[in-house]
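J.: Sharing the feature lines straight out of Swiss-Prot:
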COMPBIAS  1-19  compositional bias 'Low complexity'
REGION    1-53  region 'Disordered'
COMPBIAS  27-43  compositional bias 'Low complexity'
DOMAIN    45-119  domain 'H15'
REGION    105-249  region 'Disordered'
COMPBIAS  121-134  compositional bias 'Basic and acidic residues'
COMPBIAS  146-158  compositional bias 'Basic residues'
COMPBIAS  173-190  compositional bias 'Basic and acidic residues'
COMPBIAS  195-233  compositional bias 'Low complexity'
COMPBIAS  234-249  compositional bias 'Basic residues'
Amino acid sequence: MSDSVVAVSASPVTPQTASAEKKVAAKKPASASASKAKKTTAPPTHPPTQQMVDASIQNLKERGGSSLLAIKKYISATYKCDAQKLAPFIKKYLKNSVANGKLIQTKGKGASGSFKLSASSKKEPKPKVSSVEKKSKKVTSSAAAAKKKTISATKKPKGVADKKLSKAVVTKKSVDKKKAEKAKAKDAKKVGTIKAKPTTAKAKSSAAKPKTPKPKTTSAKPKKVVAAASPKKAAAKKPKAKTASATKK
């Protein structure tokens, strides 16, 4: 009897455990699909409505102010988004900005009029950096600092090599200077020897100059002899004239 009672009590336990396991298994994929759906939600392709409305009013540059329709058209054309879905957010921002003094309502009441930027809002505020961007900047700055440290550590042996190269360059320069000085000394010696030669040539020419006047004295003497000989011929001709006069008598 006891065995049969145990068997009857054990039989209803098995279906309950099976159903519980099925429920747990069914809950797991549902939670996984929900987490995947959260991850796959794409970020917005346009900036917030505040920036879009301010940019539209600033770029339209209407004297009487920009109307709600003009703002919607500008947002849909430039940012390529559905302005009708964003209409309640645009109206809310227009009302709040008029109350805060950021916008000036030139016509109408509420969100149905025309709006202009105030003098304080015309100054373009700096865009707020999100916390994610700040963290990314910190990470990049720390990575850049680590890279600088590694670069500085690797550059130290290069400094030793640079010192060796500088020493080699200095030695080469000193050798080149010595060679240049030797070449200059050789050139100076050559110039000294070349300059000494003309002095000897001048001395020779000055010594040879006194010898030239001697032939002049010899050439002048025969002229005097010719001049002395000419009167003798004239004297010889005179006796012939006397004989002619004697014959005439």
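Numbers run from 1 along the shown chain.
Here the Cβ of each residue, glycine as well, is placed from N, Cα and C on the backbone.
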J.: Over the domain 'H15' (45-119), what does the predicted model average in pLDDT?
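T.: In the predicted model, the domain 'H15' (45-119) has a mean pLDDT of 87.
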J.: So, by DSSP, how many helix, strand and coil residues make up the domain 'H15' (45-119)?
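T.: Tallying H, G and I as helix, E and B as strand, the rest coil: 38 helix, 11 strand, 26 coil.
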